[in-house]
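S.K.: If you scroll down you'll find the structure; I have some questions about it.
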Amino acid sequence: MTLRSKTILGIAVIEITVLVILVLSAMSFLSDSNEKQLLQRANSSAVMFTHAAKDAVLSTDIATLEDLVQEFMTLEDVAYVRVLRNGQEMACAGDKQLLQRSMLSDSSLNDVDDGIFDLRTPIESNGTVFGYVDIGFETNAIKTMLDEAQKAIISIATIEVVLVAIFSFILGTYLTRNLSRLTAAANTVGQHGPGFQLNEHSKDELGEVTKAFDEMSAKLERDYQVLTEAREGAEQANDSKSRFLASMSHEIRTPMNGVLGILNILEETKLTDEQKKLVNTATESGHFLLSVINDILDFTRMESNTLILEDKPFDFRHCVESVVDSFSPTASNQNLILHCYIEGTVPSKVSGDKNRVKQILLNLIGNAIKFTHEGSVTIKVRSEAVTQNKAKIVCQIQDTGIGISKSAIEYLFDEFTMVDQTYSRSKEGSGLGLAICRRLCNLMDGEVSVESEPGIGSTFTFDITLAIADDLITSPTTTPKRQELLRPDARILVAEDNKANQLVIREMFKRVGLSIDIAENGKHAVSMVQEYQYDLIFMDISMPEMDGMEACQAIRHLEDDHTANLPIIALTAHSLAGDKEKFLASGMDDYLSKPLRLSQLIEKINLFLNNDSVEDEAQRIEPSRLNEQHNTYKKTQQNLSNQRKETAGLELVDEQILQQMIEDTSAEVIPLLIDHYVEESEQRLAKIYKAMDDKDKETLEFEAHTLGSSSLALGNRTLSNLARKIEHMCLDGQKEQAFSFKQELEHLAQQSLQALEERKQQGFSEPTQL
């Protein structure tokens with residue numbers, strides 16, 4: 001009910017109540033006053049008549065009584081009169097019907113039921129009653145007057161109610177109109193912010209309210225501007241902090257990976273016990289520093305809301321068991337018992353971010369073992385609220401360690417916080433692990449909590465919600481045995497301008513104990529062939545100064561019998577229809593498509609450096625085999641055009657390529673390769689963006705080709721496809737379309753490099769050989 005309706009209804013109820021009381025009081029007053037007048041008149045008239053008729057009654061003077069009766073009937077409103085003595089009528093006058101009915105005296109006006117007020121008065125003399133006088137007075141005039149008065153009063157009251165209703169409506173409209181304006185103004189402030197002004201102030205209390213509202217709105221606007229500026233400043237400071245942390249972490253991590261790589265190399269050399277101890281200490285410190293940097297990077301991504309969880313099928317049970325198994329040596333060294341119980345209701349096939357689930361388990365189990373000096377660490381996993389599509393999985397990590405005080409639990413999950421300063425000095429850590437765990441649990445629709453008693457132990461409990469997967473995409477746990485190199489003494493030249501690809505190929509051949517020479521470009525390759533005698537050349541096609549086909553032709557034109565038959569294998573990041581004919585026409589013997597695999601390189605070396613195989617020309621080069629070795633770019637280009645929507649759904653890192661790279665090189669060298677690739681790609685992307693801005697087609701074509709090659713080699717398949725697309729647009733004369741891909745390339749490159757960095761942080765392990 002509106003305020004106006006309440007105002008009108010309230011005033012109407014009060015007015016009607018008052019008017020009803022007034023009308024009833026007025027009618028009662030009129031009725032009582034008329035009744036009093038009637039009684040006074042009737043009594044006085046009866047007394048007067050009895051005095052006049054007493055002597056006539058006593059003397060039985062009928063004539064005199066008749067005269068008196070007729071004279072009394074002349075009075076106003078007298079209906080009848082009758083004189084009785086000893087029950088006999090002596091004289092009467094008036095309406096005969098009234099005289100014939102039985103006499104019943106009325107005491108008040110309310111007793112009148114026939115319109116006649118009946119009154120019987122005794123005729124006395126010396127206390128003796130000689131007779132009676134019956135007189136009837138008409139009351140119709142009084143009742144008519146009362147009815148008319150009642151109608152008049154009700155009419156006046158009705159008019160007054162209508163007038164009051166109109167007045168209250170006008171008053172309510174005035175009040176609600178101003179209140180509605182205030183309400184609308186408040187809603188405007190709520191939707192669009194403070195600053196709205198009414199600018200209409202009456203001289204009453206409502207005017208004071210609107211004036212106060214305008215002043216409040218103006219003050220809020222000023223305060224809002226101050227707060228907005230302060231918030232923007234804080235956000236800028238926070239962004240600067242995040243960028244600084246990310247930049248510094250990256251700058252520290254890159255040389256740190258180099259240091260760890262050198263330390264890994266040192267471990268493989270002959271060292272004294274003291275030297276091994278120093279190398280192990282340095283390696284442990286380096287890994288600890290990297291873990292701190294990774295925590296900082298995760299934290300900055302969470303702060304800026306750029307951390308995106310993957311959604312891929314994985315085996316949850318195996319995930320938990322693998323993490324627990326990784327801690328078995330540490331627990332054994334500390335004489336701790338490590339238990340793991342996984343209930344049967346816990347689903348195996350789930351979909352989510354496996355690596356982030358591992359990160360939570362690694363943090364919590366690692367902390368439990370770190371702060372437990374004796375006893376056990378128990379991991380319990382159960383499932384709650386399993387539905388058709390999702391499962392809520394609860395994990396408990398219980399230890400018999402030092403425990404945590406109640407005061408410390410309050411801030412335990414805060415950033416850069418540890419249990420106490422004593423352990424922050426004796427136990428290493430960034431103070432971010434539990435804060436990151438809490439945020440990761442929140443991202444997975446869960447939470448983490450702790451119960452602990454000092455000296456008894458702690459129990460950390462976290463729950464996460466994961467989707468039930470229909471099927472798992474599992475990677476093979478074993479890999480076939482690598483093909484053996486038939487000519488381990490072969491001298492190989494690799495012409496490759498990309499630094500990351502150079503490092504990859506060198507590490508691949510190092511895996512099989514083969515040392516190779518690297519040529520930076522085609523011109524350099526020609527000069528090295530003139531200086532040294534090589535058994536086989538792997539020649540990249542797109543290189544500066546002189547490309548691979550020109551270099552091959554130059555080598556074939558050298559006046560040397562050896563170079564005329566020197567096997568030259570083309571290396572290309574793509575192969576279009578007709579390319580193989582170009583390669584063969586330039587003098588090449590075969591080609592390989594990137595990303596390269598060590599098994600392919602060995603196969604080619606064995607094929608061309610085996611005398612029996614060399615004689616079989618049909619085996620060396622077979623068109624049907626060449627057709628099987630390459631996938632045309634047009635198919636990739638068509639797929640990319642269909643997928644040019646959002647890159648969030650694409651697989652930014654091809655795990656199969658990385659796993660193959662581990663098999664072909666080693667797990668230890670992969671982080672170094674990734675760091676080298678990321679650094680070089682950032683420089684190359686800067687050149688590409690500049691070429692797009694400068695409309696430099698030639699530079700864009702070359703740099704896009706090189707980026708596509710190196711990206712594919714390190715698993716950034718989607719980025720490689722886009723780089724190739726840009727390259728071939730330049731080749732097809734569609735340079736304006738190529739230039740238009742700058743924004744998409746920037747977005748995809750940032751996502752791809754970041755995804756590869758995150759994959760690196762998860763670590764790599766060697767595959768199991770059969």
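Backbone N, Cα and C atoms are what each Cβ position is placed from, and that goes for glycine too.
Since we're looking at a predicted model, the values are computed, not measured.
So TrEMBL lists these for the protein:
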type     : residues : note
DOMAIN   : 173-225  : domain 'HAMP'
DOMAIN   : 247-468  : domain 'Histidine kinase'
DOMAIN   : 491-609  : domain 'Response regulatory'
DOMAIN   : 666-763  : domain 'HPt'
MOD_RES  : D540     : 4-aspartylphosphate
MOD_RES  : H705     : phosphohistidine
TRANSMEM : 6-30     : transmembrane segment
TRANSMEM : 152-175  : transmembrane segment
S.K.: Any idea what the Cα distance is from the residue listed as 'phosphohistidine' over to D540 (4-aspartylphosphate), rounded to a whole Å?
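M.R.: Here the two Cα atoms lie 11 Å apart.
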S.K.: Test of understanding: give the count of other CB atoms lying within 10 angstroms of the CB of H705 (phosphohistidine).
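M.R.: The Cβ of H705 (phosphohistidine) has 25 Cβ neighbours within 10 Å.
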S.K.: Helix, strand, coil: count each for the residues of the domain 'HPt' (666-763), based on DSSP.
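M.R.: The breakdown for the domain 'HPt' (666-763) reads 82 helix, 0 strand, 16 coil.
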S.K.: Should anything in the same chain at least six residues away from the transmembrane segment (152-175) have a Cβ under 8 Å from its Cβ atoms, list it; otherwise answer none.
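M.R.: Residues 3-8, 10-12, 15-16, 19-20, 22-23, 26-27, 206 contact the transmembrane segment (152-175) from elsewhere in the chain.
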S.K.: What is the three-state DSSP composition of the domain 'HAMP' (173-225), stated as helix, strand and coil residue counts?
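M.R.: Its residues divide into 41 helix, 0 strand, 12 coil.
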S.K.: For the domain 'Response regulatory' (491-609), what is the mean per-residue pLDDT, to the nearest integer?
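M.R.: Mean pLDDT, the domain 'Response regulatory' (491-609): 84.
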S.K.: So, in DSSP terms, is the residue listed as '4-aspartylphosphate' helix, strand, or coil?
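M.R.: In three-state terms, the residue listed as '4-aspartylphosphate' counts as strand.
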S.K.: Take the domain 'Response regulatory' (491-609) and count its residues per DSSP category (helix H/G/I, strand E/B, coil), listing them in that order.
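M.R.: Secondary-structure breakdown of the domain 'Response regulatory' (491-609): 55 helix, 22 strand, 42 coil.
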S.K.: If you draw a 10 Å sphere around the Cβ of D540 (4-aspartylphosphate), how many other Cβ atoms fall inside it, taking every protein chain shown into account?
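M.R.: Step by step: centre on the Cβ of D540 (4-aspartylphosphate), count other Cβ atoms within 10 Å, giving 28.
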